Amino acid sequence: MRVLVVDHPLVAHKLTVLRDKDTPSPVFRQLTEELVTLLAYEATRNVRVEPVNIETPVTATVGTGLVKPTPLVVPILRAGLGMLEGMTRLVPTAEVGFLGMARNEETLEAITYAERLPDDLTGRQVFVLDPMLATGGTLREAIKFLFQRGAAEIVCICLLGAPEGLSILEKELADANVTIVLASIDERLDEKAYIVPGLGDAGDRLYGVVN
Ligand code: URA
């Protein structure tokens, strides 16, 4: 497993506004999309491409095209949905599947409540979108699920990570073909497993509170 923290002043700036508790939902949504597009630029560095023959108005030449099947993008509902637009803006031909996962706030275990993915992911490159890597439980379950379906490589794009969740994933996925791309690794988790300093509940900040 590899971890990549995207070190760029625009990423740091947009993340600072996201963290601010006074940033309203519409601005939060817009900034999340912009931030994901910047992270996706790094996360797709090894996207599979192949040579393609084309003709310019001047001459024949060899260019670069995405290999088919194109990458599969999987936002983890609910909060990952807020990242989808930012990702598909960069890779408009990507296929999109959905995984609905939530954490039980008492046990902190991840439960899968919805799934809409191709049955066979053999050999596929998959990009998972989940804004908050806190305990790592949700991502661990999502990654296991996608490998069981045959995925060859998984790149997870997160806004923030906690050292606790990252070290669990690093232990369990040491030899797996997984890359985690983040805007920041924060200090720690608090007693309710929220990331500190964090940005609060990403789903609530994107979409309002659901009880
Ligand atoms: N999920 C969130 O939305 N925020 C956190 O800080 C941790 C998990």
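Just so it is clear, glycine is given a Cβ too, placed from its N, Cα and C backbone atoms.
Unlike curated records, TrEMBL annotations are generated automatically.
Residues Arg78, Arg103, Asp130, Pro131, Met132, Leu133, Ala134, Thr135, Gly136, Gly137, Thr138 are given by TrEMBL as 5-phospho-alpha-D-ribose 1-diphosphate binders; from Asp7, Asp201, that same site also lists Asp201.
A Cα-Cα distance of 9 Å separates Arg78 (5-phospho-alpha-D-ribose 1-diphosphate binding site) from Ala202 (uracil binding site). You'll find the Cα of Gly136 (5-phospho-alpha-D-ribose 1-diphosphate binding site) roughly 15 Å from the Cα of Ala202 (uracil binding site). A Cα-Cα distance of 14 Å separates Gly200 (uracil binding site) from Asp130 (5-phospho-alpha-D-ribose 1-diphosphate binding site). With a cut-off of under 6 Å between the Cβ and any atom of ligand 1, the binding-site residues Arg78, Met132, Ala134, Ala202 reduce to Met132, Ala134, Ala202.
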